[in-house]
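Reviewing the structure listed below.
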Amino acid sequence: MRVRTGQLAPVLALIVAVALPWSTIAVPGLFEGPLNSPGTLQMLAVCLVFGGLALSYDLLFGRAGLLSFGHALHIAAGAYGVDILVSHYGWALWSAALITVLASAVLAALLGSVALRTSGIAFSMVTLAFAQVGHIAVNRDPGGLTGGEEGLPMRTAGLPDALVGVLNTVNLYWLALAFLTVVALVVHTIDRAPLGRTLIGLRDDERRIAVLGLSPYRLKLLAFVVAGALAALGGVAYALVVGGVSPHVASSELTLSLIVMAVLGGAGTRWGAVLGGILYAYLDQRLARLGGSLPGPFGEPLFVLGTLFIVVVYFAPGGLTGARRQPLRRSLTGRRPAPTSG
Amino acid sequence: MSTVVLLTLTGLGLAALYFLIASGLSLVFGLAGVLNFAHGLFLAVGAYLTWWAAPRTGLATAVLLGVAAAAATGALVEVALIRPLYTRHTEQVLVTVGLSLAGVALLQSIWGADARVFPRPDWATEVTDVLGAQVPIDRYLLIGAAALVLVALLAFLRFTRYGLVIRAGVENRAMVSALGIDVRNAFTLVFAIGGALAGLAGILGGMYFSSISPGQGASLLIFAFIVVVIGGLGSVTGSAVAAVAVGLLQQFVNYYGAAGAGDVSVVALLAVVLLLRPTGIAGKVATA
């Protein structure tokens, strides 16, 4: 019985989410306008995109135990890639998106093959360093392509009519929902496949997988490439929903936010990262808007989110979606922690 | 020639900042296994307290106050946040991530996001003539301070009992604990030292850039991380060597190469070092 509700709940949630734009209910306090107003829909779309991005990150962190500090690079590759192809070179959206995601997957394969030669903290540092190069590059505006600090607005003339204009915000919302659904399908398919169990084996004890005759390197690289490609797809969705890109998308702060989202919701759990991502993005946008009316540090979204995050790490190690079967045991140093009682 | 001299001294000044940040990070990481993302916050605490106190108490006292406050913040973070998560290394790192986000936001809510002009003594703004190059005096201040800290830190690690415990703990923590020595007091001490060094870096960085902002720690921190990894985790001398290499490389390539090429070349250096020697140039060895 429990299994069946577990399978039905996401489908029900999806149906509700698809139908939501037809509702005119106003939820005072939570949203500023009725549910189907463009402002609310765009805000929800951003939340859904971050839900998907957080889940793509959790494929690395929660499942394979790879604490990457460079996930923002893949998101930025997707967002800037599609924006540059559409806005500067006048490509059609769908071919631009396809080429961008494929190129980002190749980039992830190249960087991953270098970064994964190291493990533990060194891996985190190498990914951070690679992502930093991306951040520097987009800030320097090479060849006038990225728009530097001002970012690059999406040229609306290159987009299909259905995605342009305030009245069509609802289509962007469905686009974001579709992205989240794709990520969930991919990650949960991996979870159910032998690959998923192997990745969790890698997270808990890499030697055990090596002893079984499997190559940890190849499996981790596969996870890295899939997560990178999903992040790039998310970058495409983000650029469309927000209507452009800014260098913040490439910053290490965004990667840190993704870590916070995954852990907040429950890293390595089925829906934890998705819920964490949606909640984080919601609070971030909402608190920023309420900013002026809140006293002192509470006007700063990051103060509230950072504090909430610390509280969750302490008092709910499994995240908001409940207890994980065991805490992430893999330590950053490769030291095996002493077994704790209880 | 004069350009080379100026670039060298400026690069060494930057290296001094990197070293001050990286040595604290490196000791904390080597001993406690915590990659401390909140280190940039310690830096900001030192810088902002000095900036706040300077008009009230005079600059010299303000610097002491700033360093002391940063050290206290470091010790407090260790006792209140890191220690309860004993053996849970990933969670320890996550807590420092949360702290770095919340702490910087807190500073921002008090003093705003904009950069503030940092007070400098008059003599530090003058320039000297070295082989035809006009070198600002604050470069020597940075280099001198970092050299003093390096000597003091090495002497502390080599000649004091706590230094011995820290060196041994970096080498093999389990063994030190098995000998009945409480390494956890050494953790607090190392966090306090790291905090003090970061605070000093924040103050000197304020003089070097002549301004401070809440987010300043974050950008310095990334290069300090790179220095730590290149230098070898837990090694103070390794950090010093790596800081000089990174600072000089960054300055020279930024000047002679394209804009931003210096920062990229530092990352390339990191990749090369890690692929050739995954443990960094000093390996994981006890410092001295």
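Counting begins at 1 with the first residue displayed.
Cβ coordinates come from backbone N, Cα and C, glycine included.
Features reported for this protein in TrEMBL:
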- A:42-60: transmembrane segment (TRANSMEM)
- A:72-91: transmembrane segment (TRANSMEM)
- A:97-116: transmembrane segment (TRANSMEM)
- A:172-190: transmembrane segment (TRANSMEM)
- A:221-242: transmembrane segment (TRANSMEM)
- A:254-282: transmembrane segment (TRANSMEM)
- A:302-323: transmembrane segment (TRANSMEM)
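Between the transmembrane segment (A:254-282) and the transmembrane segment (A:97-116) there are fewer than 3 Cβ pairs closer than 8 Å, counting only residues 6 or more apart in sequence, so the two stretches are not in contact.
If you look at the transmembrane segment (A:172-190), the same-chain residues 6 or more away from its ends with a CB under 8 A from one of its CBs are 10, 14, 17-18, 20-21, 41-42, 44-46, 48-49, 51-53, 55-56, 58-59, 63, 163, 196, 199, 223, 226, 230, 233-234, 237, 240-241, 270, 274. Note on the transmembrane segment (A:97-116): residues 68, 70, 73-74, 77-78, 81-82, 85, 91, 123, 126-127, 130, 217, 220-221, 224-225, 227-229, 231-233, 235-236 of its chain, located 6 or more positions outside it, place their CB under 8 angstroms from a CB of the stretch.
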